[in-house]
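K.L.:
Quick one: this structure, given as structure tokens, is what I'll be asking you about.
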Amino acid sequence: MKIIMLGAPGAGKGTQAKKIAAKYDIPHISTGDIFRANIKNGTELGNKAKTYMDQGLLVPDELVVDLVVDRVQQDDCKNGYVLDGFPRTIPQAEALDKALAALGDKVDYAIDVNVPDENIVNRMGGRRACVGCGATYHLVYAPTKTEGICDVCGKELILRDDDKPETVQKRLNVYHEQTQPLIDYYTKAGILKTVDGTVDINDVFAAIVEILGA
Ligand code: AP5
Ligand code: ZN
């Protein structure tokens, strides 16, 4: 099962992608996580990506397309994968389709987690990420057992650099301009499925399972 997660920044793509990966036993591939890991390790890719990410801009297509096309051809992707944060532009979607077609393959589902802009800004201010393992929480909607401490690895939680309110607004604008056209793209391809992302995390997941099959 090859799945793409679509949705505005903070819509809950990462939250749902992790649950999908666990239930269907397929890898969760997040381009945002890959970039953040590279930034943390001080790699050349990380340094390049950081200048764009901190401004709320997309990283150029050429820095992301090959990385994903290589990743989905690794052994653990044989039974499928869930892509989170890619594609984000029409050229990225076209490049993915072309690469998969060359392998006799295709995307099965594009799931749009639909959340209006008003809800997004409120959510992002409450998001906290673990400095150790990258796990994501929310002060109100997905709290940790001990305040400020990761449930998974015990390390400290921080506000992501790009979750400051002014950067969130910029990311939303970029989403509407560059990523929202993918809704049309996958509607035309006949694989778009929309779920309401404003309801409780477990209810969003139940709607996704209904689409993918138990
Ligand atoms: P990326 O990490 O992909 O950021 P994003 O798309 O902006 O998405 P987020 O991670 O912010 O949100 P999410 O939808 O995963 O929400 P989450 O589940 O965390 O990318 C970061 C940057 O990297 C980009 O800006 C760009 O610069 C670069 N980049 C990455 N991929 C790229 C690409 N392909 N091309 C070019 N550049 C690229 O949830 C958000 C919060 O809400 C959490 O706190 C969560 O606990 C909470 N929450 C989730 N669901 C619910 C719910 N149903 N109810 C209440 N709270 C909820
Ligand atoms: Zn952790």
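Here the Cβ of each residue, glycine as well, is placed from N, Cα and C on the backbone.
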K.L.:
According to TrEMBL, Thr31, Arg36, Leu57, Leu58, Val59, Gly85, Phe86, Pro87, Arg88, Gln92, Arg160 bind AMP; which one of Arg123, Arg171 is annotated to that same site?
P.N.:
Arg171
K.L.:
Can you work out which residues elsewhere in the same chain, 6+ from the ends of the domain 'Adenylate kinase active site lid' (127-162), have a Cβ less than 8 Å from its Cβ atoms?
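P.N.:
For the domain 'Adenylate kinase active site lid' (127-162), the far contacts come to 10, 14-15, 33, 36-37, 53-54, 56, 168, 171, 201.
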K.L.:
Closest to Gly10 (ATP binding site): which of the binding-site residues Thr31, Arg88, Arg160, going by Cα position?
P.N.:
Arg160
K.L.:
Provide, as an integer number of angstrom, the distance between the C-alpha atoms of Cys130 (Zn(2+) binding site) and Phe86 (AMP binding site).
P.N.:
22
